[in-house]
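Everything below concerns the one structure shown next.
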Amino acid sequence: MSLKEKTQSLFAETFGYPATHTIQAPGRVNLIGEHTDYNDGFVLPCAIDYQTVISCAARDDRKVRVIAADYDNQVDEFSLDAPIIAHDSQQWSNYVRGVVKHLQKRNNAFGGADLVISGNVPQGAGLSSSASLEVAVGTVFQQLYHLPLDGAQIALNGQEAENQFVGCNCGIMDQLISALGKKDHALLIDCRTLGTKAVSMPEGVAVVIINSNFKRTLVGSEYNTRREQCETGARFFQQPALRDVSLEAFNAVAHELDPIVAKRVRHVITENARTVEAAQALEKGDLLRMGQLMAESHASMRDDFEITVPQIDTLVEIVKATIGDKGGVRMTGGGFGGCIVALIPQDLVPAVQQAVAEQYEAKTGIKETFYVCKPSQGAGQC
């Protein structure tokens, strides 16, 4: 049964009438451009064919009722006329409540709704299940009440909800790609202007995501440290962000910087340049160059930004040894575990899957999870 059928069926069964709309919003993977978003830089993600799906209908009162199909049909209910506060025991509810609360600040011209939510974006894998949920909920109210909000506004609303209501500090990339993704394309995003450019993906290339299943522990504290180091670097150059610092300017005075800060700055500057070039390589179908850029990105994350772990490096090495120069592979996401992403010809997928299955667990004691994805359409009706 599809997520659409599942949510529609549960909606009718629970609420006693049929849903009028079914909305989807996808998860994402970032192909290149790591820790560049909060430095006002560039990222190159694509939406993937794993999504959050919500069957819904408008109500004639001010009540919002929500069923979470993936959490034993847990229920949340709140009024648009009372202050929306955090739920004390259901964390999933806070994503919904946060989006609605921030939507009220943007455009209060909407009433209540009934929602049934289900999704298949793997949670805790760095594939943006939370952004997918936030964008889906925002799109529900936009569609039900014809709100004059575009995808970028829905994405910003989701980011605000996550930062201010849920309490997780995230950049804008995850919500923006979920809202604006385009089938068979990646999206080059300028994180300063929020300008986007669709970049066509070469035909016959699979997006493979492999979860190392190494449990991330340092990610919160180390993420904040990296942000502080980048801000220190930007202040040194008297620029608003590292996006404004050229490699030439950096090289001229790198020796004056704290050695650790210098490494962090070098990663961001070179990663921005790689990301812009990667978009051009993909557009031309130049998988060889894309693979080289992904390899450089991984080395920079490992050596300069220092956010990889041995398990991730092992996965990357296994895939690289299998594909040679036919594609690329790198860690993706915040670091300290999580996933790697590979762009490889579809006919090489079985060989990669076999090599990883035979070697990764033997070398690390951990079993990986393997996903083969297609670049997919952003949020909308399904």
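Including glycine, each Cβ sits where the backbone N, Cα and C put it.
Curation does not apply to TrEMBL; its annotations are automatic.
Under the heading substrate binding site, TrEMBL lists Glu34, His35, Thr36, Asp37, Tyr223. Counting Cβ atoms from all protein chains shown, Asp37 (substrate binding site) has 21 others lying within 10 Å of its own Cβ.
In sequence order, Tyr95, Glu162, Val166, Cys168, Asp174 are the residues of the chain that are 6 or more apart from Ser130 (ATP binding site) and have a CB within less than 8 Å of its CB. The feature ATP binding site is assigned by TrEMBL to Gly124, Ala125, Gly126, Leu127, Ser128, Ser129, Ser130.
Under the heading Mg(2+) binding site, TrEMBL lists Ser130, Glu162. In the three-state DSSP classification, Ser130 (ATP binding site) falls within a helix.
Taken from TrEMBL, the feature domain 'GHMP kinase N-terminal' covers 94-182.
The domain 'GHMP kinase C-terminal' annotation in TrEMBL covers 279-361.
Annotation comment: TrEMBL describes Arg28 as site 'Transition state stabilizer'. Long-range Cβ contacts of Arg28 (site 'Transition state stabilizer') within its own chain (separation 6+, distance under 8 Å): Pro45, Cys46, Ala47, Ile48, Leu127, Ser128, Ala131, Ser132, Met173, Asp174, Ile177, Ser178, Gly181.
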DSSP state at Arg28 (site 'Transition state stabilizer'), helix/strand/coil: strand
CB-centroid shell, 8 A cutoff, substrate site Glu34, His35, Thr36, Asp37, Tyr223, site residues removed: Gly33, Tyr38, Asn39, Val43, Gly171, Arg226, Val268, Glu271, Gly334
Residues in the domain 'GHMP kinase C-terminal' (279-361) grouped by DSSP into helix, strand and remaining coil: 53 helix, 12 strand, 18 coil
Inter-residue Cα distance where the pair is Gly126 (ATP binding site) and Asp37 (substrate binding site), in Å: 15
Per-state residue totals over the domain 'GHMP kinase N-terminal' (94-182) - DSSP helix, strand, coil: 53 helix, 7 strand, 29 coil
By Cα-Cα distance, the member of binding-site residues Gly124, Ala125, Gly126, Ser129 nearest Thr36 (substrate binding site): Gly126
Distance from Gly124 (ATP binding site) back to Tyr223 (substrate binding site), taken between C-alpha atoms, in Å: 16
